[in-house]
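Input: a single structure, listed below in structure tokens.
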Amino acid sequence: MKNPILKNILSVGLVEGLSLIIPIATMSLLSRVISVTEYGNYLLFISIVVFGHTFADFTSQIKGIRESANVDDKDGYDKIYYRVQFKRFISVSVYFFIVLAFLFFIGNKELLNKFSIYGSIYLFGYVLTSAWYYQSINKMEKLVINTLITKGGALIAIFLFVKGDDDIGVLYISTACTMLLSGLLLRYNLNNYNIKFGFLRYPINIFREINSDLKVFLGLLMPNLYNSIPVIVFGSLYNDKNFVYFALAQRLGSILFTAQKVMQKALYPIIVKDKDNTKFLKNLLLFNGSLAMIFIISNYLFGGQLIDAFLSEKYAKVHLYFYLILFGLLFSGMSSALTTAYLLPNGLDDIYSKVSIRVSIFASLISVALGYLYGVFGVLVSITIARILLFSYYSFHCIKFRRLNNEKYSSSNECI
């Protein structure tokens with residue numbers, strides 16, 4: 001396929017779409033055959049390992065791709081891969097032990113045991129997948145084939161063997177082992193691109209490397225102060241029906257989130273090479289905003305009936321949670337468009353991280369207060385508020401920066 005944009009969209013779309021197969025396709029089955037409590041425990045486990053993606057990715061999806069996009073020689077690719085992967089292993093290891101300490105502290109022995117076994121397998125496999133590298137060299141078709149095989153196998157296993165609460169172990173095993181198998185296969189395939197396997201092959205100052213990426217990483221991590229962390233904490237302490245409603249609504253919302261992310265991930269390697277990214281910014285804002293509105297209107301018209309039919313009537317409250325999630329995703333999608341198509345490609349990492357940190361700290365205080373008063377539903381309200389604030393701040397800084405650039409351009413023309 002000669003069109004790189006279309007190729008990237010199709011490849012990333014297939015990978016992300018296939019990754020949605022298990023959570024979406026199994027929702028209807030699992031909500032009927034296992035108890036709300038067991039399903040809630042599993043969804044909490046998933047929330048924890050998915051939050052681990054932020055640590056496992058570190059800054060690979062931004063700085064790793066940005067650096068690889070400007071390299072031509074094979075040795076350069078190998079050095080970047082090694083350096084980025086080394087930082088990812090360090091970061092995800094820190095996360096793993098933090099979670100173990102937290103679960104031990106609150107006394108959740110069941111989740112502690114499951115995370116120490118299945119969580120470690122899952123996170124190790126996720127780091128090995130090196131999706132950022134395949135994206136940077138435009139070889140996403142390898143990810144598509146791998147995802148189709150591994151996710152398809154896991155889906156078949158769940159439908160064949162999960163019949164009730166006694167079979168809950170199949171869910172954890174399929175989730176963890178699927179990711180590990182995917183990682184091993186993708187890492188083995190990198191041998192074809194002269195990416196060698198091994199540790200300490202190049203001298204690396206890990207403290208300097210992490211420090212250089214810290215601002216961008218904090219910008220990525222900070223939204224979790226009001227997003228993932230309160231949900232995990234309240235879910236671990238009070239794993240009631242409200243958490244299950246939230247988790248299921250979040251999974252349904254992941255359809256919209258994934259569609260937005262596909263476009264952003266597909267365009268980012270191309271945007272960083274293009275000097276004029278204004279056209280990408282306008283199109284991405286229009287796409288993310290319009291798609292979110294379609295979901296919101298559809299949910300208003302048909303959401304209640306569809307959720308009752310898909311999940312059963314005992315999960316009817318999911319509809320209300322889904323409304324708030326979609327409304328928040330409208331603003332987070334447009335925020336992502338601003339960062340993906342303007343701030344980060346232009347190297348405005350400081351603005352990106354400062355805005356993210358300030359809004360996240362403020363929103364986390366709201367999240368704790370509303371979570372204390374209203375539980376998981378209060379946390380969801382605070383997430384929506386934070387996403388509106390984040391979009392407002394990013395918009396302000398983008399407009400301000402563009403205005404300054406235009407003034408400089410006008411001044412230079414006058415001098416000429």
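Each residue, glycine too, has its Cβ placed from N, Cα and C.
Per TrEMBL, the stretch carrying the note transmembrane segment among 39-56, 255-272 is 39-56.
With a cut-off of 8 Å between Cβ atoms, the residues of this chain six or more beyond the transmembrane segment (39-56) that come close are 23, 30-31, 88, 91-92, 94-96, 99, 110-111, 114-115, 118-119, 122-123, 126-127, 168, 171-172, 175, 220-221, 224, 228-229, 231-232, 235-236, 239-241, 243-244, 247-248, 251. Between the transmembrane segment (284-302) and the stretches 89-109, 168-186, 322-343, it is 322-343 that has the most C-beta pairs under 8 angstroms.
By number of Cβ pairs under 8 Å, the transmembrane segment (115-134) is matched best by 168-186 from the list 89-109, 168-186, 216-237, 379-396. Listed as Cβ neighbours of the transmembrane segment (89-109) (distance under 8 Å, sequence separation of 6 or more from its ends, same chain) are residues 48, 52, 55-56, 58, 115-116, 119-120, 123-124, 126-127, 206, 210, 217, 236-237.
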